[in-house]
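One structure is given below, encoded as structure tokens.
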Amino acid sequence: MPNFTRGIHYLKKLNAANVPPDLIENGQKRVIDASLTLIRERAKLKAELLRALGGVTASASLLGVPLGHNSSFLQGPAFAPPRIREAIWCGSTNSSSEEGKELNDPRVLTDVGDVPIQELRDCGVDDDKLMNIVSESVKLVMEQDPLRPLVLGGDHSISFPVVRAVSEKLGGPVDILHLDAHPDIYDAFEGNIYSHASSFARIMEGGYARRLLQVGIRSITKEGREQGKRFGVEQYEMRTFSRDRPMLENLSLGEGVKGVYVSVDVDCLDPAFAPGVSHIEPGGLSFRDVLNILHNLRGDVVAADVVEFNPQRDTVDGMTAMVAAKLVRELAAKISK
């Protein structure tokens, strides 16, 4: 039986066996508490180390969210976080960002581990609770100054609870730079309000973003455009990228709000650069296009995510894992101060 259905079927069996609901709820609560405690204590430890070292006001901290069941096609992104970490530290390249920051310096990058998504689902935790747990995990990281969350997905559904947590914790909306082949703004894709194709509809209707800039779009439906207009989204499609490039490579965001959030769906890249994704969509950004946008972005990046890398489709000697790892490296450099 596939892992993504195991927890659901197990819970149904318990209900069918007339197991008292309070027993199930108490068990779930213990697992949730244990999961959050692990994130909290790891974040505390890393932040204490940074404060002891001194000289840092912001450090990127990896938080894995290995969730894949809200994907509309393939579930492989659930396996991405450990593969990205492996690629970051594999030794085939050095640990420096292009602008000279060293990832092996904890003042640039730390790691607080993963939210145990599959273990939670095995206990029958539903998506409402799961999204809350992801949000609470992000807030636990943000409570530990100077840590700032750099989240490893997972499918793109995770961006909703992460952005929600960032906005709520900071006390107001953020500006979002969203790099993607798709706008992910369906009201409820295939009836799933938490679909990876609906994450930005949840973000915008919740008021968690002032501006949402979507760059790299090349697979968009009538609903995607209508939803974009409804929420005032700035959608930059690849068919006009040559015209838009000068502006996109000189963005200034975050003034007057709580900061900038960057969400990078790996499929924003042309599949020539990143074949290991669930939704292969030709005609995308080059890797240097993405780096130019990120390097030149002016604004206080308070959090970010890298999502939709699918290791099960990364058949070219781990190339997409290395692409995801470099995205993490450059984002960490952008976040850290």
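Each residue, glycine too, has its Cβ placed from N, Cα and C.
TrEMBL entries are annotated by machine, without manual review.
Per TrEMBL, Mn(2+) binding site is recorded for HIS156, ASP180, HIS182, ASP184, ASP265, ASP267. Sequence-distant neighbours of HIS182 (Mn(2+) binding site) (same chain, 6+ residues apart, CB-CB distance under 8 A): ALA197, ILE217, SER219, ILE220, GLY224, ASP265, ASP267, HIS279, GLU281.
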Close in space but at least six residues away in sequence, with Cβ under 8 Å from that of HIS156 (Mn(2+) binding site), the same-chain residues are ASP180, ASP184, HIS196, ALA197, SER199, SER263, ASP265, VAL307, GLU308
Neighbouring C-beta atoms (10 Å sphere around the C-beta of ASP180 (Mn(2+) binding site)): 27
For ASP184 (Mn(2+) binding site), the number of neighbouring Cβ atoms whose distance to its own Cβ is within 10 Å equals 30
State the count of C-beta atoms found within 10 angstroms of the C-beta of ASP267 (Mn(2+) binding site), not counting that atom itself. 30
A correct count of other C-beta atoms within 10 Å of the C-beta of ASP265 (Mn(2+) binding site) gives 29
